[in-house]
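Per TrEMBL, these features apply:
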- 258-262, 299-306, 397-399: FAD binding site (BINDING)
- 6-144: domain 'Photolyase/cryptochrome alpha/beta' (DOMAIN)
- Trp330: site 'Electron transfer via tryptophanyl radical' (SITE)
- Trp384: site 'Electron transfer via tryptophanyl radical' (SITE)
- Trp407: site 'Electron transfer via tryptophanyl radical' (SITE)
Amino acid sequence: MAACGSNSLMWFRKGLRLHDNPALEYAAKGSKFLYPVFVIDPHYMEPDPTAFSTGSSKVGLNRIQFLLESLVDLDLSLKKLGSRLLVLKGDPGDVLIRCLKEWSIGKLCFEYDTELYYQALDEKVKTYASVTGVEIFSPVSHTLYNPADIMQKNGGSPPLSYQSFLKLAGQPSWASTPLSTAISSLPPIGNTGSFTLSGVPTVRELDYGDLAEDERTPFKGGESEALKRLRESIANKEWIANFEKPKGDPSAFLKPATTVLSPYLKFGCLSSRYFYQCIQDIQKSVKKHTSPPVSLLGQLLWRDFFYTVAFGTPNFDQMKGNRICKQIPWKNDDELLAAWRDSRTGFPWIDAIMTQLRKWGWMHHLARHSVACFLTRGDLFVHWEKGRDVFERLLIDSDWAINNGNWLWLSCSSFFYQYNRIYSPISFGKKYDPAGNYIRHFLPVLKDMPKEYIYEPWTAPISVQRKAKCIIGLDYPKPVVSHDSASKECRMRLGEAYALNKKLNGLVSEEDLNHLRRKADNESTILDSVSRNKKQKLFD
């Protein structure tokens, strides 16, 4: 049976905004009734009491809260235009098909999504729609470019370096035409039939407990908040024009040294295309400005670069079967992983960052670099996929393509291969914050430790520890590794893995990795015993 009537359904997933929303505009055009729908998906929202932090099996509560705030804001904006957000629950594919049937939908509109999960979901809904004659409109508006277009220009595969991506991408086709930033009215909602409709649920209504006050992110979700933040950022033209990554202070927390627009871009509360045009306008009005890769525009282009590589690389989110990922014999040490995740490494700079991540769901990009390097190639040699899972759960701006891309990069598994360059868990933070104010804020147990010991409290004499009311090994942990020897061992292990990848042209088996693990473990044991003997001789 062909769908009848001029009814449209606007399916919101990301793209939680009215400005620059081509799918919503098209849905509204010539429609008698318009149904704006968001589906609470149990895959992301079902509480999981066994997870290491409050939330679902996939997502921590801070990001769920951010999403709910974004939905409340979207609902308010729709109400001003005589509409509202229809919140439904269940498997999104099944729910959508039921909506198309019951509401006689002739036109289904949603923003295109490159993530594997949504690709599979969209296929299911599109298949049903094409059989029943429902028109589908799914424009690319979450990114600056369509990843498929970039790949086509590159002969069918994604460019694997940022510079080659820039050459292929050029100026986006829409960049010089004004984007639609306001919608003046929307068609009313028709009869919703047998559906149980609710407003946007609270975390309590989703069966989550409340987060403690100090565990809540200070960043509020929603398009209104995103546009306010954007206005405040671009008001300082000089700052925008001179923005230079990777500069910036990772220890600045009262006033972060970046725009903190990433969570709003992740949920599409802010259009990346509109942000791009705003930066472009500023750059035209100033005498000089920074350029990609370090400029603010360059950051948006990095985002698209990772989206494109993720879209065109099978198994992008894992080591095995991923043609662009080095095969490395990472450790699967759950104790070390838990110490890192739970801020118990004994390195205050690392533990303070991981505390900020847990409480705020956000930290500066250089702070992310520090803790990702520490977990993988710097000190603990734990598999990057394990760290990626922790970030994916706790970050409010966690974005599948970017999170995986950054972990591949920071573990020296792909994109970046200078594994000898390691972030020190001691001196790197000290460079920005010699007094340790960031550590004192996020690790109050160390708040009275003198600044000369704040980054290495285990070196403080016991009298100093007593005075600071923080005994190392009792009130705050001893370091889980010695940075000097651990980083040497990591370099050795990576050197051997790189050599093997080169020799076997990347075709490294699990057996090969196990052989490397055993070899490295034996070498490590010999080194330990040599070092113990040397120490023994010193004391004899």
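Cβ from N, Cα, C; glycine included.
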Cα separation, Trp407 (site 'Electron transfer via tryptophanyl radical') to Leu300 (FAD binding site) (Å, whole number): 18
DSSP-assigned states of the domain 'Photolyase/cryptochrome alpha/beta' (6-144) in counts, ordered helix, strand, coil: 59 helix, 30 strand, 50 coil
Rounded inter-Cα distance in Å - Ser398 (FAD binding site), Trp384 (site 'Electron transfer via tryptophanyl radical'): 15
Under 8 Å by Cβ from Asp304 (FAD binding site), same chain, sequence gap 6 or more: Thr143, Leu144, Tyr145, Pro147, Ile150, Phe165, Ala169, Ser272
C-beta crowding around Thr258 (FAD binding site), within 10 angstroms: 19
Alpha-carbon distance [Val260 (FAD binding site); Trp330 (site 'Electron transfer via tryptophanyl radical')] in Å: 32
CB within-chain contacts under 8 A for Ser262 (FAD binding site), separation at least 6: Trp362, Asp397, Asp399
Whole-number Å value for how far Trp407 (site 'Electron transfer via tryptophanyl radical') lies from Trp384 (site 'Electron transfer via tryptophanyl radical') (Cα to Cα): 6
By Cα-Cα distance, the member of binding-site residues Thr258, Val260, Trp302, Phe306 nearest Trp407 (site 'Electron transfer via tryptophanyl radical'): Phe306
Spatial neighbours of Phe306 (FAD binding site) that are distant in sequence (at least 6 apart) but have CB under 8 A: Ala401, Ile402, Asn404, Gly405, Asn406
Among Trp302, Trp330, the one of these recorded positions whose Cβ has the fewest neighbouring Cβ atoms within 10 Å: Trp302
Lowest local Cβ density among Val260, Leu300, which the record lists as binding-site residues, within 10 Å: Val260
Least surrounded among the recorded positions, given as Trp384, Ser398, Trp407, when other CB atoms within 10 Å are counted: Ser398
